[in-house]
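Notes for the one structure printed next.
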Amino acid sequence: MVSSVRCAVFLLIALSATSLSARGESTPREPGQQHPRSDRRVFQSVPIYDKQEEESEYWRTVAQRSLQHQAAHPRSERKAKNVVYFIGDGMGLSTVAAARMYLGNENMYLSFEKFPYFGLAKTYCVNRQVADSACTATAYLSGVKINYGMLNVAASVKRSSCEYDRNATEFKGLLEWAQQAGKATGIVTTTRITHATPGGTYASSADRDWEDDTEVNNDCPTTRQEDKPVDIATQLVYGSVGKNLKVALGCGRRHFIPADVKDEDGKAGKRSDGVNLIEAWKEVHADMGEARYVSDKKSLLEAAKSKKLDYLLGLFDSSHCLYNLEIDDQKLGDVKPKLTDMVDAALSMLEDSEQGYVLFVEGGLIDTAHHSNRPRLSLEETKEFHKAIELARTRTSEEDTLIVVSSDHSHTLMYNGYPTRGNDILGIGDISDKDGLPYTTLSYANGEGFYQTYADGNPSKRLDVTGYDFSDYRQRYLATVPLSSETHGGEDVGVYASGPGAHLFGGSTEQNVIPLLIAYAANIGDEFGWVTSTVPDDDNAASLQSMSQLLPMCLAVVCAFARQLYRVVLE
């Protein structure tokens, strides 16, 4: 039986090979076919690089300098007083590599790539090989892998379940542990603040789409009002974690205001319960301290500089925030804050906290741009993300502040084609030796770009893309499979760390381990069994460490002296 199956398989392979050969599609066998010589490239361009790179000694010097830097970097066993946790939504390793070239050269480093410790995280969720931003947010914020499309609800519950045992299946994570330890907390995002990634910091929901009550009512029309799930926006205002956030900055006003109310930009809300949650947030926090709501860049910067506020809520657009390039194109730089502006303001709000703070930051539009096959937008957002991290590392001390940078998942972005050094990362990579048409260095496995890749959607008729304006940030790039929205990728993502406890983040790990590593490094989360009280401060810790090192040395000296004295007496 087994031999019959093998014969059938071999026959199919032989027939397939014959078919390919007949169509001129034989599989390349010779190395020259698989890796074409550079002088056989159709699209000729002159490589651009520093002339000293042609000298072997240059690369040895660079390597030695890197080795010296790594060897000299101290391993800090101190506990982190502060944590800044960055997530580049959809920032896979191909995006990181392409962003280097977008910054100007392949050998450049993004700010977080200079961090001393690096690892990889596995991104799958319980029921999907390729994850979404909700199940991953739960993993890297709360330490539990769950089902696709859900926030902080155990995998035993199916998505969109309207009634389930919430006490038994819902949970919170990193920011709750921080608040319980007396630390100030904050969140910053360039997406709707009720979106999956930021929502994971403060909300539990059986469906990530339940951003307001209208969505809940649509999915749970027969559920009694008192049993209906609480929408994510309401949890930000009234939830135990949400209401205690010292600073919350992002977008998504529409989920906080009624459908018959317009926001500062003249756009209507989506709530059907008639509740204005922005006004509700003001009322809730009026009894908790000095609180302010802001909706534009000027008000944000003024509020952050005042140093008199206990709570700050900033919502800067109806849905997601504008892309950086849209802000520049529409000349809205004085009105709409960018990610660096929001991070700077958040740090101003948090940095004077006596017990320290935990700030969560999402560069969310890296992801949304990839979904529409627009890499220029995505790389510009990655550049802004890199600048925000650089700002945070500069404004804080590596002695007491742990900074962790990672991503929730990757995308199907491909960086390919053997382009010459210095070639425009957003331009033509080469020309196909099969159909004689050009292709771009960056392309996608799927998405709407399909319709700008093939004539009339026919995969056998590829379009000539030389006439496309690749300087236009709206330009979609080549995609192989037609989809209304490009999908995520399932490969591992990077984890970069700097500061106290950063050495914990090396190696390959499950994504849900990350929040526990952060909690351990920051000495929070006593539910995990480690001691989080009566921890000596840095000076005492240093003194104790010195004493612990000095005592064995003293004993050794005393013993040596005693032995010498014993020999003298015997003589």
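Just so you know, glycine gets a Cβ as well, placed from its N, Cα and C.
Residues or ranges marked as signal peptide by TrEMBL: 1-24. Sequence annotations record features per position, and here TrEMBL assigns region 'Disordered' to 22-46. Annotation comment: TrEMBL describes D89, H195, T197, E362 as Mg(2+) binding site. The Zn(2+) binding site feature in TrEMBL is assigned to D89, D367, H371, D408, H409, H488. Positions annotated as active site, phosphoserine intermediate by TrEMBL: S133.
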Near H409 (Zn(2+) binding site), which recorded positions out of D89, S133, H195, T197 have their CA within 10 Å?
-> D89, S133
D89 (Mg(2+) binding site) sits from D367 (Zn(2+) binding site) (Cα to Cα, rounded, in Å) at a distance of 5
Fill in the CA-CA distance, H195 (Mg(2+) binding site) to D408 (Zn(2+) binding site), as an integer in Å.
-> 13
Measuring Cα to Cα, tell me the gap between D89 (Mg(2+) binding site) and D408 (Zn(2+) binding site) in whole angstrom.
-> 6
Measuring CA to CA, name the entry from the recorded positions S133, T197, E362 that ends up nearest D408 (Zn(2+) binding site).
-> S133
Report, as a single number, how many Cβ atoms besides its own are within 10 Å of the Cβ of D89 (Mg(2+) binding site).
-> 29
Near the Zn(2+) site, what residues other than D89, D367, H371, D408, H409, H488 in the same chain have a C-beta no further than 8 Å from the centroid of the listed C-beta atoms?
-> G90, D132, S133, I366, H370, S407, S410, H411
Return the single residue from the binding-site residues list (H195, H371) that has the minimum number of other CB atoms within 10 Å.
-> H371
10 Å Cα neighbourhood of T197 (Mg(2+) binding site): matching recorded positions from S133, H371, H488 = S133
Given the binding-site residues H409, H488, which one has the fewest other C-beta atoms within 10 angstroms of its C-beta?
-> H488
Rounded inter-Cα distance in Å - H371 (Zn(2+) binding site), E362 (Mg(2+) binding site) | 17
Check each residue in the chain of E362 (Mg(2+) binding site) that is at least six apart in sequence and keep those whose C-beta is under 8 Å from its C-beta; list them in sequence order.
-> F86, I87, G88, D89, I187, V188, T189, T190, T191, T197, P198
Taking just the CA atoms, what is the gap between the residue listed as 'active site, phosphoserine intermediate' and H488 (Zn(2+) binding site) in Å?
-> 9
